[in-house]
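Data block below; observations after.
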């Protein structure tokens, strides 16, 4: 297996232009494909998850042109739902942001499509979404294990009243919201339980609005959607920078800055993960907000105890930042870490212990007590891009750290380690 050893970094300073947001990129691609007219998407993320969506759209008859660096995409919209002429099998890797929305979008019309992916994708639950789609008339079969991909989707969704469990993943609701305006009849979606990762629903609603869709949001408990709508291309759409990816550079500044500025996101961004910066501020870092940047400067960091349900991806970065804080840090209400690219709660606890931390792993929380001195270790990354990036921060101590399978960052941030090196000053 490939590995990358990061030598101790003594100082961090500089500016990072962020790659496009994964969450925004895949939503925008799907909506542009379903819309009437041609859409130019700029600052599109160039990564594995986006390629899986693009490959699926090609198979489904969508025509598009990508720029040489894969960050500008001109898409000819279909002016409605997908109508593939023959049975298809779509391989979606481990891209939840492709699997869930496509399962919903393909529930419209009549066809025979199999959605499958990597072994880990077959362990990521999708039953709550399938249950909701079936309530609206969709014909969907599980091909292996009940409640998990691969799926056979044969269309049939027409609308009506559906309820969806909100406690596991906001992507199920996102998938329903993007598809429902194109259904023949009106749809009412009722949320069961507490809706997790609510800021991701705000991203979805903002994008639907940009493409001319109308949804009535009744306090995130019920959503009323008129059927028979048509998405309209906005012409051009700029994908903002990935706020989850910003977290590593902002945390690095909080630990060993110097001032680091990340550009492509700012105080008015769609993404909830910008509030990671506010968590760093609570820990003791200095944060400055601009319209299209966030700056962080080192401070004396103290441990915190916080509910981080609204920033689940960026909250992982707090777990490794906690290694450099005074006192213990507890990250609460993060059960949905367990259904991501890997069981992130278990994986983070295991790897944090390797570098010397004392860790209490609960069902839905993680407590980290930093050691006096971090120990060098080989970090297993579980084919999870965020674990690889989180543990790169250990190099901000006086201890080298080895990251196994560093290429797994290709899921969202292929050149992450090069970007980190560009603002790092190592021991000579």
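In case you wondered, yes, glycine gets a Cβ from its N, Cα and C as well.
Residues 22, 23, 27, 169, 170, 171, 197, 336, 340 are recorded by Swiss-Prot as 3-phosphoshikimate binders, and the candidate that the same record lists for that site, out of 141, 147, 313, is 313. Same-chain residues that are not part of 22, 96, 124, 171, 344, 386, 411 yet have a Cβ within 8 Å of the Cβ center of the phosphoenolpyruvate site turn out to be 49, 94, 95, 97, 313, 340, 341. Put simply, the two farthest-apart Cα atoms among 22, 23, 27, 169, 170, 171, 197, 313, 336, 340, the recorded binders of 3-phosphoshikimate, are 20 Å from each other.
Comparing CA positions across the binding-site residues 22, 27, 197, 336, the one lying closest to residue 344 (phosphoenolpyruvate binding site) turns out to be 336. Here residue 197 (3-phosphoshikimate binding site) is positioned 17 angstrom away from residue 124 (phosphoenolpyruvate binding site), judged by their C-alpha atoms. Of all Cβ atoms in the shown protein chains, 27 besides its own fall within 10 Å of the Cβ of residue 313 (active site, proton acceptor). When the binding-site residues 22, 197, 336 are screened for a Cα within 10 A of the Cα of residue 171 (phosphoenolpyruvate binding site), the ones that qualify are 197. According to DSSP, residue 171 (phosphoenolpyruvate binding site) is assigned to a helical segment.
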